[in-house]
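Each remark here refers to the structure printed beneath this line.
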Amino acid sequence: MVSEVVVNRVVVRVPAKINLSLAVGARAADGYHPLATVFEAVSLFDEVHAEEFDGDGIDVLVAGAGAESVPTGEDNLAVRAARLLAERYDIELAGLALTLRKAIPTAGGMAGGSADAAGTLLACSVLWDIDIDADEMRDLAAELGSDVPFALLGGTAIGTGRGTELVPVLSRGRRHWVLVFDNDGLSTADVYRRYDELRPKGSELAVPDELMNALTAGSVVDLAPALRNDLAEAAIDLRPDLEDLLARGVEAGALAGMISGSGPTCAFLCRDESTAIDVSGRLARDGAGDRVRRVVGPAHGARLLG
Ligand code: C5P
């Protein structure tokens, strides 16, 4: 006897990212900047719960870190993801309840909104039993935002174009990071705008050879000096206090500190787990308190939990 399993609730876990290298070219005519970046997914995850209910419309409930600053209306990226998927696959959208359990900071430079959009694409494709392959899902993800395809993929990957053209990178070993969140987010668009003012010609679009070699060799000591973020200058210009935090992380024992993406989250690369424990403790005592997290990279991409 074949029994049919009726899925009416799906849970997906999806990671935050940092950029090990982020080279930004000059603003293109469409308003976006061409990138050459190396993404790394880290073990900080949002969960997307998708459930059908009798009724209509999309209900969004946001729980967890910074929940109050996440919009719950049509401009929520998860809602846009669900609507896009429904439209492309002719799904008659009845009642959909989305619960976003957030651990990734909002407007933190770690692609939290993009993670929720990626998680929603995967969750709803299962919930609605859509026959969609990885390429089609990636194309929809790219329509939603620059970081959404990587949130699906995870691991470590080179991103070009707007960041949506991805090639996985084979890297050896695990990297231990200490993250320091900020209570006030930075708008990605604002940081890019400031970047245009500071560097109207952009910079050379390349991934440093030293960085790729360090990843292949699995050497965090060699990786540290190769980390690069072209948006750091603009983020620090908008938030000068970040510079002091970066210096304090290195004083506390990290190999290097960098702004994550467009900031304001700061990411500190540590030699090993025990150093990361030490650095996180020091930064927490030094004023960062409960805004400090220890994570490892690379982490998996969007994954079905049940
Ligand atoms: O694509 P995403 O929604 O993540 O981008 C947010 C904003 O960041 C865009 O509206 C754009 O102003 C800026 N951006 C950019 N160039 C990129 C990615 C983002 O200018 N490659």
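Quick reminder: no glycine exception, Cβ is built from N, Cα and C everywhere.
Annotated features, as they stand in TrEMBL:
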ACT_SITE  K17  active site
ACT_SITE  D147  active site
BINDING   P105, T106, A107, G108, G109, M110, A111, G112, G113, S114, A115  ATP binding site
DOMAIN    76-155  domain 'GHMP kinase N-terminal'
DOMAIN    214-285  domain 'GHMP kinase C-terminal'
Running the recorded positions P105, G109, G113, D147 through a 10 angstrom C-alpha radius around K17 (active site) leaves G109, D147
May I have the list of same-chain residues other than P105, T106, A107, G108, G109, M110, A111, G112, G113, S114, A115 whose Cβ is within 8 Å of the Cβ centroid of the recorded ATP site, in sequence order? A16, I104
Counted with DSSP (H/G/I as helix, E/B as strand, rest coil), the domain 'GHMP kinase N-terminal' (76-155) has 45 helix, 9 strand, 26 coil
Among all protein chains shown, how many Cβ atoms are found within 10 Å of the Cβ of A111 (ATP binding site), not counting that one? 31
Same-chain residues at least 6 positions away from A115 (ATP binding site) with a Cβ under 8 Å from its Cβ, in sequence order, are V14, P15, A16, K17, F45, D46, I104, D147, A151, A302
Could you give the number of helix, strand and coil residues in the domain 'GHMP kinase C-terminal' (214-285) as assigned by DSSP? 42 helix, 11 strand, 19 coil
Including all protein chains displayed, how many Cβ atoms other than that of P105 (ATP binding site) lie within 10 Å of its Cβ? 24
Confidence summary for the domain 'GHMP kinase N-terminal' (76-155), mean pLDDT rounded: 96
